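To keep things clear, I will list the structure first and then write my remarks on it.
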Amino acid sequence: MAAPSAGVASGSAEPSWLDTERPAMRPDVEITEGLHHEPLAYDPVSGHYTRLSKSGAAILTALDGSMTGREFAARASRTGGGDGSTRQVVLDFLGELRAAGLLTVPPDGGRDTSAVRFARRSHMPRRPLVGSGVSAVLDPPAALLRRAPLLFGVLWLAAAVFAVWGAGSVLAAPLASGGPDLSLPVWGWTIVVSSMLLQTALHELAHGLACRYYGVPVREIGVGLLFYLVPVAYVDRTDAHRLPGRGSRVVIALAGVAQDVLWLGGWSALSMYAEGRFGQLCVLMVWIQIGLLLANLNPLLPTDGYHALESAMGTLNLRSRAFTALRCRVLREPPPSWLAVRSRSRQLRYQVFGVVCLAYALLVAVFCVRSLLVLFGGA
């Protein structure tokens, strides 16, 4: 009867509220379905989705406030034919539901609540620039794409093949033999910066367009600081959790990269014919496009590539689960119910992935700081 909620930790201690409070599911919480039609609990106040097992959803919906938590656990244990361990699992799960804010009993701010906040933290301060109204702008082109998806898919594939061939040809040409030339005049850097800003905006709009293609609301588009240091743009596509299939999630995750491939093709085409300073600028942009594609497809950071890999594998919150498993191991905390039922080898894989992601993020941070010091003459 173990009923996990994503990234939520709980202890074996039985808090006193289980004897005094009569928990019920908050009336505004919605039970819906997500990947593989697995149950999700949606909190409209926080905007978060909590993944549940089928038994977990049954427990949550059965909480009606008519009995205390301990009475409910005892009844559930008798009904399921379980023993004392089943009763304890239910009690722990009630604590997880409370910490997740899904019950009429508010979170107590203790360790369980801190674990939920840790798991949900994006480590990226955000500043929204455009709200949900952007959907009205994206709906017409999304409707056009729905009319002939195969045609547009074939056209993009042809453009992608040309982009890869063109980039290879440019990098093999004598003009690019010495690597990217950074000695551009002011007008050259103006073009580079302006082009990158436009491309970034279109990259995020591509994610939004893919969301609207599948009927997923776009909450907002904005900018943030990944790991509090790296400037990035983002599209809040949280409601894509409601999509039941893997393919649609992969398309949404890679929509921005698909648009970047077109930019690579465009700059490659210009590089084949441009000469002089502008030719050097075009070659530099080809190098930049390749670097951006490699960075966006990196599965060790919360990038488009990571989200696509997660979707293709049919997993949810892989990084969050990995960090939760690592946190429980390092701090010697009791694992949440979803982790406790996993095999030791599965738990170890979560922990290893968490260590690799943290180490890579540290390397990226050190590289960024070092680059800033060099740029401003500090090193």
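Placement of Cβ uses the backbone N, Cα and C atoms for every residue, glycine included.
Remember, TrEMBL labels are computer predictions, not curated facts.
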Range among 89-107, 184-202 that TrEMBL annotates as transmembrane segment:
184-202
Can you identify, from 214-235, 280-301, the stretch that TrEMBL calls transmembrane segment?
214-235
Most Cβ pairs under 8 Å with the transmembrane segment (150-172), selected from 184-202, 214-235, 247-266:
247-266
May I ask for the residues of the chain that lie six or more residues beyond the transmembrane segment (214-235) and have a Cβ under 8 Å from a Cβ within it?
47, 122-132, 134-135, 138, 200-201, 203-205, 207-208, 242-243, 248, 251-252, 301-302, 361, 364-365, 368-369
